[in-house]
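J.: Got a structure for you, questions after.
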Amino acid sequence: MADPSPTPPGGDPGVVPEAARGPAAQPSLRTLFLTLIVAGATLLLGGAMGAAAWIESRQARQELAREVDRAAEDLAASLTLPIWYLDEAQIEEILDRRMRGREVQSIRVSLLGVGHPDLVRARGDDAADPGPLLTSERPAVHDGQALATVRVAYTTRPMEAALARRLRIQAATLLALDLLLVLGLQQLLWRTVLRPLAEIRRLARAVGSGDPAAPVPAGGGFRAEFAELHQDLHRAWDLLKARYRSIRMSEERYRTFFERGSDGIVVMDPVTRRFLAFNDQACRQLGYTRDEFAGLSLEDIEAQETAPESEAHIEQIMEAGHETFDTHHRTRDGRIREVQVTAQFIRNEGAGFYHSVWRDVTEQNALRARLAQTQKMESLGRLAGGVAHDMNNVLGAILGLASAQVEILPEDSPSAKAFRTILRACERGGKTVRGLLSFARQQPEEVREVDLNALLDESVQLLERTTLATVRLVRDLEPGLPPVRGDANALSLMIVNLCVNAVDAMPGGGTLTLGTRREGAWALVRVADTGTGMPPEVAARACEPFFTTKAPGKGTGLGLSMAFSTMKAHGGDLEIRSQPGQGTEIRLRFPAGEDAGDGRPGPEASPVGARRRLRVLVADDDDLVREGTGAMLERLGHEAVLAVSGEEALARIREGLKPDLVVLDLNMPGLGGAATLPLLHGLAPDVPVLLATGSLEAFAMTFDASGPRVRLLPKPYSLQDLDQSLRALLID
């Protein structure tokens, strides 16, 4: 519709034109006026008929267009399953059936895929021109996947013929009515429609420009409806502004999350694998500036060993839409970082893009591995402690009986020599058991202040002329290093083992560096070599018990694991730094000064000269230890009363037994030594007690609450050890 003029054609409709005010005796003017009216009515009639024809034609065309759309949608829906299953016969049948419609001119089905020709149906037997065509195109979709495009074309010739017939019939009927209405229609339209529409249009333009402050049209009749339309426009504009604000706030929140997140966030092109967008944290993780990172692709930062796996994950994301996986990224300076990637593929009108979040888990994984290693060592320690306990009992029985026989037999007799050999074997077995207990942190230790510089010097003195003869030794010791508290023997053995490992890693010679320095409240010991080094996977398992890369017979795999256990027992830690071809550095950190671990040396027995016959109550669940201890006591001239448990020992005392001394095994099933001891003191508070155990920790916990008349009897013990402990306890 053209823009309405501010005034109706011919001037103000409420004012009679000057030409009509002339005298009635001027028929020519009247004729002219009538002629003008007839001409105007004729023009209006013609316009009305034309408008009616155009409107009907347009409606018919719109209805036909909707019918075409429905036909295309129905056809696409009907063809979806046959196309999905490639049922060509059913496809042909459906197409043939749809071509029977009078208006259907052609059907084209374009299969989406390489090598599939279009399926076309058209009316080829009609030589007449089909005229204008109305077409509609719809996709055939199955489970969210587009299979084909269906295009249907209808001819408008039947519609146009029907319209022509209806127009001829309506023309005669509408002619009389149009002649009566044509004069009043112009004024009515102008007053009630055209002028309010012009005002509403001006208001719509103002709203579109962002300034909805236009006046609301006033008046009666239909104008109130236009006022409602004006208010609706205002409400729509307010809603639009609110949505704009919401979108801006959402965009700002996402931008804040994107730029200030603690994880790296990257948007990547799915084809070129180049980074389209990224935040500062992604640059910091890999050590690049924003300008440098802008020119990178996934290939530039992906570690070589994980690149194939990452590519496979990306392909899976294309199918599943999202996935979380672990990979390795290479930093600008060549270091490898372990990264957890959470990625999703976002589809848009183009090819889509990958949105991924990078979380650096290098330190987290290292801590997890260290915790797992600690748990392994604790499990092995418990196993070693259990084995050592059983071995102590067996060795104790053998040692007790053999030492008793040595006292009886002549010194130069063959039997005495044999028993002395047994004693030496038991002593060697005892050392092995003590090593296991030390590994399990149950071996009694001599804890004192240790000068680490002096300890290193003493430890390498024995190796300089033998093991260290093929390498160059460098001492880098910081003077004035604060002492640490610990077992000097265990620490020296650990240093010697580390030096031997370092020399083994340098078969062609090299440099061994022993260094110390202070780091805050810690004292640091470095054992570094220039040998072959270890790859990361070997270094990660180096502290595992029995893990070794040496040839059979060259190593047990316990050196570093025992060093790890020793450092843990001293409240410190052990760190391995190694690269293939660049050597290995072992870092030992000790708490310095008062922060070091505590310990309790066992009381030493004082010899006595006199001996008297004692009644000794022996409580031990192990038959060999219990009977062997009884035999040794009888050999020493004492009376032995044997009990298989703490409960039986207490029952004997309740029944009236008055022992001079009690030998109590600390580790018994049921009522153990720790639980029996306070009950025993309640029944016989003055009776001294020997606690037999191989565990310093268990004894220390019991000793703290037991008083001075309780002493440790370390397992395994000989006749002489038992006699010395009895004498020392009685002197106390």
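Each residue, glycine too, has its Cβ placed from N, Cα and C.
Remember, predicted model here, so these are calculated numbers, not experimental data.
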J.: Taking 1-21, 316-336, 568-588 as the choices, which stretch does TrEMBL tie to region 'Disordered'?
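T.: That would be 1-21, the stretch labelled region 'Disordered' in TrEMBL.
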J.: Only counting partners 6 or more residues apart, tell me which same-chain residues put their Cβ under 8 Å from the Cβ of Asp665 (4-aspartylphosphate).
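T.: Once residues fewer than 6 apart are set aside, Asp665 (4-aspartylphosphate) is near Ala619, Asp620, Asp621, Asp622, Val625, Gly673, Ala692, Thr693.
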J.: Which residue counts does DSSP give the domain 'Response regulatory' (615-730) for helix, strand and coil?
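T.: Helix, strand and coil residues of the domain 'Response regulatory' (615-730) number 53 helix, 25 strand, 38 coil.
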J.: DSSP on the domain 'PAS' (250-321): how many residues come out helix, how many strand, how many coil?
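T.: Reading the DSSP string over the domain 'PAS' (250-321) gives 44 helix, 12 strand, 16 coil.
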